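Notes follow the structure.
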Amino acid sequence: MTSKAYRWCSVPLCTNTSIKTPEKLFIFVPFDKKLRKKWLELARRDLEGILPTTQLYFCEDHFDLPNYMANYMEYHVKGSVSQIRMKPGCVPSKFECQTDRRKRTSDSNERKYSAKKQRREVVAEAEQELQNKTTTTCSVATEQLELEDPTPGTSAMQESTTKDAPKM
């Protein structure tokens, strides 16, 4: 911003001023009756008491500058412009400063907790399945060993290895 005039954002609940946030651009609200009324209605600004000749500004937070500003590339490259030129028909579209218009999302901690709980349940279930399989395998192996009658002096393992070995 090259001008030293004091400016403030006319959007209700927006606290940006040229003193508090000197790096921000302040876009002039057009005098055209229809467009001016549309801008003020979008910002939920009470039209009562605002004269048609009152100079009003909206800060850059309420615009998608790369798409709405005609000389955005010049501003982006140089870091400043002599005059801010907005594309015809553009209107403010971002009002994050107004709490009732913010996107509502669930608490991220709640999501993290439920995901963590779900992971714990999956791990516990997998461990239980593994333990059941291990117990079943051990009991089957024990039964097989008990059923086999090994000859004296040989182990059940040697016996089963001898039986399974191919004969020549």
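Cβ coordinates come from backbone N, Cα and C, glycine included.
Unlike curated records, TrEMBL annotations are generated automatically.
Keep in mind that this is a model prediction, so the values were computed, not measured.
Lifted from TrEMBL, the feature list:
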DOMAIN    1-95  domain 'THAP-type'
REGION    98-168  region 'Disordered'
COMPBIAS  98-113  compositional bias 'Basic and acidic residues'
COMPBIAS  129-142  compositional bias 'Polar residues'
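Sorting each residue of the domain 'THAP-type' (1-95) by its DSSP state yields 24 helix, 11 strand, 60 coil. On the 0 to 100 pLDDT scale, the domain 'THAP-type' (1-95) averages 83 in this prediction.
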